[in-house]
């Protein structure tokens, strides 16, 4: 599932235009204001001809007396049009960036788990933050310059040809060379911009890795290692930025040097007698000033090329990401509440990028209302089985059925509503305890339901000691709670969901013995009318399971209840002796 970034600038801009055109009212107003702004500049230059030919040459002329008023009016128009264009394009740009950013965020939420397994979190964050912000460069600053400077160039050219087409023809010799130069610079800018996106992703990933592992860094004295790692990626980002600045700084004088040949040629032609006879001081000054005035928009267009190409490179990356295939959801079958009969039939599965299967020909049944426990050493494939139930991954062969129907036939959201998962890796949101327990179902349950679930999970024991109780903000990933408290909140969330199938993946691993016993009693009560899959290292928590499966190296090597497996004196009995020191 790789990102395709082979689109041309034009193809990318056409896709971006589909977003821009949604706010065409603001765009139209901005373009009109920009054109007015450019016309005002051109008109100011055109005033040089009557000023020189009539103003100073005719003592009775009223032109000099009206000129201050004309200049005041033109500056007012110029200032007003500049404000309107900047505001409107910023409004358009802000909405486009917000829309693209939302699309990327929403697409991330529908990507398969396998995609996130191989992508750096920092790189993905950079797509939402840095890359989407770069789109603004192509929809505001760049568009302002392109329209305004483009209109200025057209206006100045019209002014030049109107006053002296002979002198103005010089531009036809220079224009192709200038266009070629801008084209070369654009390609360079885009290449560097893509590299900058990659480097920014690395910077974000390095910072995110340190922040998430801050306690480990402090505990092991890893500050120097992390500093060196961050210094390296930061310097790489700086180098790419300097390449962009160098290209931009070199492009300006080169383009202006090429354009200066036109000015030199005009001065030479103006000295030829046959042409000089047709020129008035005002005409020559207007043509020369207009040609010299072309330098500013040419410089601005060269500068804006880097902004535009940054925006195009970012847009290309974001569109390529949006084009990635989301997780498959081809099932149509839905059920309000499943009965809970689960069957795993000859399932094999291999993670992407791995040559060794994680599961091989695994089969077992969990009848409705029964509890099946999976035990075994770490990496044996226990959690993989739980992940397949929710279709975080799809089986390579075999099938998993719920109430006799393949889980791939279920509509994905409806399927996941039938399972409540408590993982060993608890994730809580930066919100209140109540909202974490009722996550994604805030409008479905009453406050009393949330409190009841918290009591069953023995979470109210510590919640009642907090000043704001269930309304306490717990910080990012429950930073203000202990490991055991976080796990009890996660258990309360699963209890509130009241799904027909309960998956407990090391659900009590972070609890002390007393809390574990209390919660186990609540779970025993809860499991009476539910199908339960328990993954456990602590064998004391699964002794009452209807069936225990011993998993090793992706295969089931033993099965039976606790008493039967102890009597067999096999792998389970050995694990039991190790844990209980028998």
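Along the chain as shown, the residues are counted starting at 1.
Positions of Cβ are set from backbone N, Cα and C atoms, glycine also.
Keep in mind that what you see is a predicted model, and the values were worked out from it rather than measured.
The transmembrane segment annotation in Swiss-Prot covers 27-47, 69-89, 142-162, 165-185, 249-269. Positions annotated as domain 'ABC transmembrane type-1' by Swiss-Prot, on the basis of sequence analysis: 28-310. Residues or ranges marked as domain 'ABC transporter' by Swiss-Prot: 342-578. Look at Swiss-Prot and you will find 376, 377, 378, 379, 380, 381, 382, 383 tagged as ATP binding site.
Applying an 8 A CB threshold to same-chain residues 6 or more apart, the list for residue 378 (ATP binding site) is empty. Taken together, the residues of the domain 'ABC transporter' (342-578) have an average pLDDT of 88. The ATP site is set by 376, 377, 378, 379, 380, 381, 382, 383; from the centre of their CB atoms, other residues of the chain with a CB within 8 Å are 551, 552.
Other C-beta atoms found within 10 angstroms of the C-beta of residue 382 (ATP binding site) number 25, with every protein chain shown included. Put plainly, the binding-site residues 376, 377, 379, 380, 381 were compared by Cβ crowding within 10 Å, and the winner is 376. Residue 383 (ATP binding site) counts 19 other C-beta atoms within 10 Å of its own C-beta, drawing on all protein chains shown.
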